[in-house]
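As written in TrEMBL, here are the features:
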TRANSMEM  A:14-37  transmembrane segment
TRANSMEM  A:44-60  transmembrane segment
TRANSMEM  A:66-85  transmembrane segment
TRANSMEM  A:97-122  transmembrane segment
TRANSMEM  A:142-162  transmembrane segment
TRANSMEM  A:190-213  transmembrane segment
TRANSMEM  A:225-252  transmembrane segment
TRANSMEM  A:264-296  transmembrane segment
């Protein structure tokens, strides 16, 4: 094992973390403002990927597809908020879990209804094809670097949006005192729809970006969704900063675990089984990390002050 | 002349299966028609029904239900089909874990099970059963073939599969025939979607060839990411990694990938050409290997039903075992453990008229059986 | 027991669950016995969850872990009994159901204690997520651990034995499950009515008040969570015997979701809510699956409508507002 390989793996971990952040940011934003737990967030991720793939196939341009994914996911989010989610804000988490669980079933089967049963094709735009040389002599895919950049941009954009704009001010107000901002004359219903659509658009954007290097298929959102939950629980639910750091922690832990644990296991068990057992432990690693963090800090690493 | 003769026997066998059966046959098809794996189930159903439709026999009925890729649901549907619909034969399951939930208990209740795809090792060896047939392959077969192919020109292979039984069977099958050195043997998480960490290990390993078994979405993700990584090591795998259900989604990233398979759309035999034309006419798309396997399963059942009554299990099993069909795959017969003996080919992903498809390169195995047949006491 | 409207509905539900297989048996339709057995087992699993969720207000999104552990206990002990190899430390396997049940409950309880001890330090959404994550951990362990079949699962070749009963006869196995379900429901009623149950409910409604009278809510909740895990674990063992098969899908988060669905469909916190919910769910799944390939879409739609418009579930719809909070 060389230093270069270890560095490359670290980069891979950061890149996985950034992908998870794109997903987790919307989830944690929606929870922070509306106190809503949204299991169907993974479905919005899927909507983004399918919209991007379909539009890219139709127009021949990934970039138009990317815009379409934002529009489609935001629209789907807004419709879902108006039709369903709106009725759930003053319910307990149990009802929210069940309603959004039902939405997953409907989204998955509905998508299959529209797009058929086979995975769709979505390729990386020509501009971002191929690999570049890294210091140390290895090559790294341009697209993965682009994902890291996009994640950093989204993080910065969200920070600016929340700390510098009127919408952000309302979001912060909504996080700290829900009744109060209604009393101040802010149209809270519209605000909630806008925030939900924004969270959905983030998920859709993540779906489109990631869909280009993964499989655009029904059910693609579910594994990511659970990882995103782990991320926001570690980071502190409702905290964007927590989501970013939680995502990086999960990404790096998972990647390094998959890379190092099988090698470590060789010291304890016969080599023939080391790969399988190391893989088994690696697949549980992030949950173990999460359990340890929550045992010490039950509200995550960066709990929002008001909660 | 030879071709004409083949066509004539084909016509003969089709008309023979159109005759009335000794007893009506009821088939229960349990397959995956919803969720992420639905593509495979739909090809299975369509291939099977194509053979049934071609036969045009009124004495055969097929009931179909969706298992949503859940073992518990598959068990429930099997119970219903056996107890309520009174089917004689079950078929259609795509996945090994669902098959293991359904087939052993179905045959224990005296029903036939004819597998169209899944073929776990447990049912091929000591636990083989007189009523259990597999019309597809044995799970290890295609991996064995790639292992044999890799002996020519590859000295150090990097092999990778998901960390579940079919994945372990896969690497075991590969290693059974591959004689060279292994750069690494890596197991990934089931359903994993990001392979950056593994691709980095491949780059660093000094391997001269890569074998991957990653079915469905996992394979799509891997191939797309591998193509972007700048790693230039040749990739090979079993046929389902590059079958017609996933090829369009992988795109040009799959070009040049070598795979093993019992069938490819360019097979030069009458049965294959007819199957291909019929399937495209009926469903307006290219069939995958799953469709071929199901098509043959239906042909086998039809052939046996025209000679024996399904209510006489021994006679029907005997007819099924020696049934002669015109398989698109070419040579096909059952081994002692009622799994196929067939030829396995090397294929390569090419682009033909703008469509990605598999081209046959060479034959790897002739009349290949499996490693477990010797443990089967049938 | 006073014959309130809810009690009457409960009686009818219990009688109907017994009557359907009896009629099916007489009519030569054994499949409906299997279906009724499934309802009984799922109802038992949900009754376990109902103790944590309905009474204690602990929304566990990870009860599939206990359900699956129960199932794996049945599968593993049976496979060792079949092969004759010891399980651990020279202890042999068994095909006796009652031993399996005890082991399943004990193991589910121990794992429940470990998961609960960490998870109950959190509350609200954190609790939902952390229970989900723990269940995922168990799930991935089962998928990737080489022994006992991994993703392929484990077949139970012959259904486990119960003294004096031919368990392979569907009706007999149904009766076993039915009796256990009734015992489980009775136990639920006793616990809910006990001082412990009162404390558990109080801890949900007003944590501070409970603490001021000298009860530690954490301990009360942990006890409730462990009891809940044990009942669900027992149901898992029965489920494995029903299917003669156990696999990681019993541990998946979809299973956890389904258990919650059963409770809400029937009526959260209601004594017979899980039974009503399980009956409805299995009926939907069976009927819709026979009609359309798109059945999951319509199942989702029905669930959504129930949450939005039929609060209190089936029992709530029929019997009116709950007496218990």
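Glycine is no exception: its Cβ is also placed from the backbone N, Cα and C atoms.
Note that TrEMBL annotation is computational and uncurated.
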Legend entry - In contact by Cβ distance (the transmembrane segment (A:225-252), the transmembrane segment (A:97-122); 3 or more pairs under 8 Å): no
Legend entry - Other parts of the chain folded back onto the transmembrane segment (A:142-162), taken as Cβ under 8 Å at six or more residues beyond its ends: 11-12, 14-15, 18-19, 21-22, 25, 29, 124, 128-132, 168, 171-172, 202, 205, 209-210, 212-213, 240, 244
Legend entry - Leading contact stretch, A:14-37, A:66-85, A:225-252 vs the transmembrane segment (A:190-213) - CB distance under 8 Å: A:66-85
Legend entry - Cβ contacts under 8 Å made by the transmembrane segment (A:264-296) with residues that lie 6+ beyond its boundaries: 227, 230, 233-234, 249-250, 253-254, 257-258
Inset, instruction - Quickly jot the same-chain residues contacting the transmembrane segment (A:225-252) by Cβ under 8 Å, restricted to those at least six beyond its ends, or write none. - result: 10, 13-21, 23-25, 27-29, 31-32, 39, 41-42, 45, 155, 158-159, 162, 175, 286-287, 289-290, 293-294, 299-304, 307
